[in-house]
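Worksheet: the structure to be examined is printed underneath.
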């Protein structure tokens, strides 16, 4: 084959079949792609916008930005005074804050050992039988039971049957503990399950017993996850109002609890009571101040959870 | 060396079994040729099932003391299952079931009065992927001593000895309190070996200990295995036939279906195996 014929053939080919032989990479329609992108973005923004609006609204009310004459509703006096139901400018949140914190400590003391214990049993000891699956299914279901139902249980069991007394710290602690226990168990189970099996094998291979393996290998590795889950569940616990109403927590508590049998108030409970009063100063100013305080405490708790998780993660 | 070989195929299984038992009963241990001591581990008609699947069929052979015995074979042939049935790690799998006998120094480890936890304190194990604990190097090595309640002696000395035997001491001396996870993969695996030998077990089981490592780290592990055989009985599962040929004294070839096809001196297996299928496997015709 001569080079002349060769080049001629080539030219011919190119000329004759430019459109048919060369691959085509024309623009593919992206209309749906673009439309879907904006739709999903909008879906993602709904939550953010709602949260921003809520925060802005309560902040404006709580800081009395449009009514600077009286100063902000959230101030030192609000945080340290007992509540008032007649004079909004005197109203304070102190017993409710202390009540919520005491309640939270009690709930932590109850749910942490119970929740971690149940999770260890289900993940490490229980064999996969019908009983285990039954327990597991029930825990998952309990996590979805409305809180008002737990309130009813607390009322019947702790107030009615065990006669511990309406609206006491102990009854509130037990009731809300039952409410968040399934969440604590499930998150602790997830944390325990995420410990790689190779770690357990290494421990058993060294002649460690089950308990030694759990204590030395499984729990240390699962602890950040367990703590994160527990703290987030506690965050949910301090926001609960319905169970407190059901067990008869009083609408007005002027002092801090001094025993497990003291009647207590809690932040959401106090906010709810104020919102019921006819004066607009209560309905907007004082309630907003309470909401801001509650949110700040909640967000602080959640950030503690994040800090704990990050600190353990960087250690590994 | 005239170590008795046990060969089994489905067809000769029934014939072989009585011979086997007879041999075991009739020949005292001393008869079994000069250089080889008593078998440390003796498997007799061992079957292992996972649920309805049979993972091992009728495994019978003897693992000699202070030598390296390699278990080779294609994936899924049951060599790891056999390794794990020696220290009863298969107990941890709910569906696993064992039939037949496995003797460790003459004691059937599947007898009712054997606590697998106590058994594992005599038989150390090293796994395929290095799995040090997220603890300091020191605590990793001391782990076995501590859980076995043998940390009342000079723990520092025991940890140093174990690291030295695992050929790791020179590389980590002075940084024993750093995390074991900060070491390289090969170092981590030697740390796991140090952890396994710290409580001074009699047997070390290794489940493809070098398969996750680069060639340099692998050759260090291989040298180490040969040294360890001076003091311990080593049973090593490997995918790598050259590795088996380099480091082992005895080789057991498992083929598909969970059967032990041939067990003999490593030289014999690699130079002149009795079974064509073993030769095919070793020369790379399948597997």
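Every residue, even glycine, has its Cβ placed from backbone N, Cα and C.
The feature transmembrane segment, as given by TrEMBL for the ranges A:9-37, A:38-66, sits at A:38-66. Across A:93-122, A:134-158, A:164-186, A:282-308, stretch A:282-308 shows the highest tally of CB pairs under 8 A with the transmembrane segment (A:38-66). If you count C-beta pairs under 8 angstroms between the transmembrane segment (A:282-308) and each of A:93-122, A:134-158, A:164-186, the highest count goes to A:93-122.
Counting same-chain residues at least six beyond the ends of the transmembrane segment (A:134-158), those with a Cβ under 8 angstroms from any Cβ of the stretch are 118, 122, 126, 164, 170-172, 174-176, 178-179, 181-183, 185-186, 240, 242-248.
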